[in-house]
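First up is the structure itself, then whatever we jot down about it.
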Amino acid sequence: MNKKAMAAAVSMILAGGAHAAQQERPNVIVIIADDMGYSDISPFGGEIPTPNLQAMAEQGMRMSQYYTSPMSAPARSMLLTGNSNQQAGMGGMWWYDSTIGKEGYELRLTDRVTTMAERFKDAGYNTLMAGKWHLGFVPGATPKDRGFNHAFAFMGGGTSHFNDAIPLGTVEAFHTYYTRDGERVSLPDDFYSSEAYARQMNSWIKATPKEQPVFAWLAFTAPHDPLQAPDEWIKRFKGQYEQGYAEVYRQRIARLKALGIIHDDTPLPHLELDKEWEALTPEQQKYTAKVMQVYAAMIANMDAQIGTLMETLKQTGRDKNTLLVFLTDNGANPAQGFYYESTPEFWKQFDNSYDNVGRKGSFVSYGPHWANVSNAPYANYHKTTSAQGGINTDFMISGPGITRHGKIDASTMAVYDVAPTLYEFAGIDPNKSLAKKPVLPMIGVSLSAISPAKYRSRRAELRG
């Protein structure tokens, strides 16, 4: 499809949405997966069963050329604002000597930008947030400060998925805590991240008056490491990955070709692995397969929680007038424990024995081999890199006005285009002044405005 045809097709996507917004304001729900690879879920060629996301894909459409940042916080800042991550204050992930005190690297959302939550709240929406925030914890940068009426937020970048809430490492400890509506909270004994986030979101949606539209931000921390899932979910994938990473990768490539996401004549990339699967000992193979088993369980469980959200929308009569967006913040993460700059003493607290992998008290990451599988068809490029495997991730949209059901569109879309697109669907003026002082205009454009004449180029910094 040439660029002119792409632009025409994408304009058709929004034609119904703009009309619907004039009649009845749609609910808008943004669902985010954390560190998930391009081909992990079934709509993008994955073997992990994700029936609810598959249903969303069949009732809506997929964008195969959606681009984001190679790192979490910068991506989330662009998604929530429609601005660049530097404009939003998230120019990088950490404080470096060269960026301390520099505008654009405050590492928190600044007042130079307006968030979707602020604009939807101004339009009368009940604005709800559950899950990972990672956009600042100081006054003026928290979810409550940035437009959410209610927020159950994990404030940091990553943590245990159970109630022990152990940080990713010593470097993450300062913002490893949860808040509900701005107040720190402890976690119940039965806490598991994906289930808790969805449960809270469902409760708030059910409590919202039927006549009031909802803007919801459901930001899962799955499948970010540490890889952990409830036992019953891990058991579902027993033995599935004992064939090894190279074979699973080849199978994903075949399904990507069958879907038309990559061409039939695309050569299979060479996986530059430290050890081929066959070179591993039987014990190493068994352990490695178990780690991927846990990763798959996390994604399947996340999909089930999305299913509870869809059921809530039906129960509350919102399912026919809700725009659903699903996306991933960045590509799969190849890193292992050392990445989080923790001391040997930190790692002594974990039991990573085979039987305990994936349970509370363990901390495992799946490393570069399985990350290559997750990022198929992109070999050896991943989170932290500004190559395809780090920045070309999943995007799906369904709901009123989305008429190309089941289609996979190859139009180019960027993370900062999401906010203006959703504003157009909801009939919200993105230029209305909400702040006491002027804010920067968005750099993103609505999907309906993308055309060859409006070609834009932006480059991400490494780890930003």
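Even glycines carry a Cβ here, placed using N, Cα and C.
Following the DSSP three-state reduction, the secondary structure of S72 (active site, nucleophile) is helix. Cβ contacts within 10 Å of S72 (active site, nucleophile), excluding its own Cβ and spanning all protein chains shown: 25. Summarising the annotation, Swiss-Prot assigns active site, nucleophile to S72.
When secondary structure is read from DSSP and collapsed to three states, H134 (active site) falls in the coil class. The active site feature in Swiss-Prot is assigned to H134; the stated evidence is similarity to another entry.
Counting every protein chain shown, the Cβ of D35 (Ca(2+) binding site) has 27 other Cβ atoms within 10 Å. The Ca(2+) binding site annotation in Swiss-Prot covers D34, D35, S72, D329, N330 and is backed by similarity to another entry.
Annotation source Swiss-Prot lists 3-oxoalanine (Ser) at S72, citing similarity to another entry.
Positions annotated as signal peptide by Swiss-Prot: 1-20.
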Give me the sequence-ordered set of same-chain residues, not including D34, D35, S72, D329, N330, with a C-beta within 8 angstroms of the centroid of the Ca(2+) site's C-beta atoms.
I32, A33, M36, M71, A75, H224, T328, N333, K383
Please name the residue among the binding-site residues D34, D329 whose C-beta has the most neighbouring C-beta atoms within 10 angstroms.
D329
What whole-number Å value do you get for the CA-CA distance of D34 (Ca(2+) binding site) and H134 (active site)?
11
Might you list, by sequence position, any residue in that chain lying six or more from N330 (Ca(2+) binding site) with a Cβ less than 8 Å away from its Cβ?
D35, T68, S69, P70, M71, S72, A75, K383, G390, I391, T393
